[in-house]
Each structure stands twice: as structure tokens, then as C-alpha cells.
């Protein structure tokens, strides 16, 4: 779910951007998105949105509200705990990949809270 995703971002990005700073970033972070992603951070969010779209095709799966378990270890090491529930596994994997992607992407504060009507066509 989105709350766990926020914690996972915090786990992966220790001493970096807080999760809330990704909620209104670029064309895809924190919103459905359209147009060309503004940078690598935004591309991570676009891919995450697409992953959630695929997860939503699993009967009964609601990715934004599906709780899962993961373990945050030392450093920025974290893993999804496998479940018998396919939806939970897929959603955790979506969030895991996005958190890793965000770790490797350079955050540009100029892309926070941009005018999507101008920049996201």
C-alpha cells in the first residue's frame, strides 16, 4: 500500500529525500501522470504507476491499499517477505523496484510541484 511504500522509500533512501517529497514531483509522482517524464525520478514513478496498473489486473487486487510485509535491514538493504497472496507479492515487488530506482535517481527540487499543464503534455 502507499503507506508501506513511503516507509520503503525511507528505508532505501536513508539520509536522502523524505517520501513526502515524491508525492508531488514531476508528471508521474503522486498522480496518474501524462506526457514525458521530466527526469529519472519521474521515470521511476511512471514505471511504478505502470506496475500498479498490472497488479490491478489480478482479481481483487487494489495496489494502493494492499498491505504487505517487508524487512528493512542495516544500510539501505530491504527485502519483501513472501506471502501466499499473489497480489501482496506483486505490490511489494512494485514498491521494492521503485524504491531502488528512486535511490539511484537524482532528485531535482525544481521538479517538485511543477505546473503539470505546462510540463506534462
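Cβ atoms are placed via backbone N, Cα and C, with glycine included.
Taken straight from Swiss-Prot:
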DISULFID  11-72  disulfide bond
DISULFID  27-120  disulfide bond
DISULFID  29-45  disulfide bond
DISULFID  44-101  disulfide bond
DISULFID  51-94  disulfide bond
DISULFID  61-87  disulfide bond
DISULFID  80-92  disulfide bond
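The Cβ of residue 11 (disulfide bond) has 19 neighbouring Cβ atoms from other residues within 10 Å, across all protein chains displayed. According to its DSSP assignment, residue 72 (disulfide bond) is in a strand. Here the C-alpha separation of residue 11 (disulfide bond) and residue 80 (disulfide bond) works out to 12 Å. Across the fold, the C-alpha of residue 27 (disulfide bond) and the C-alpha of residue 92 (disulfide bond) stand 23 Å from each other.
Looking only at the disulfide-bonded residues 29, 44, 72, 92, 94, the one with its C-alpha closest to residue 120 (disulfide bond) is 29. DSSP assigns residue 51 (disulfide bond) to a helix in the three-state reduction.
Counting every protein chain shown, the Cβ of residue 94 (disulfide bond) has 24 other Cβ atoms within 10 Å.
For the pair residue 45 (disulfide bond) and residue 72 (disulfide bond), the Cα-Cα distance reads 21 Å.
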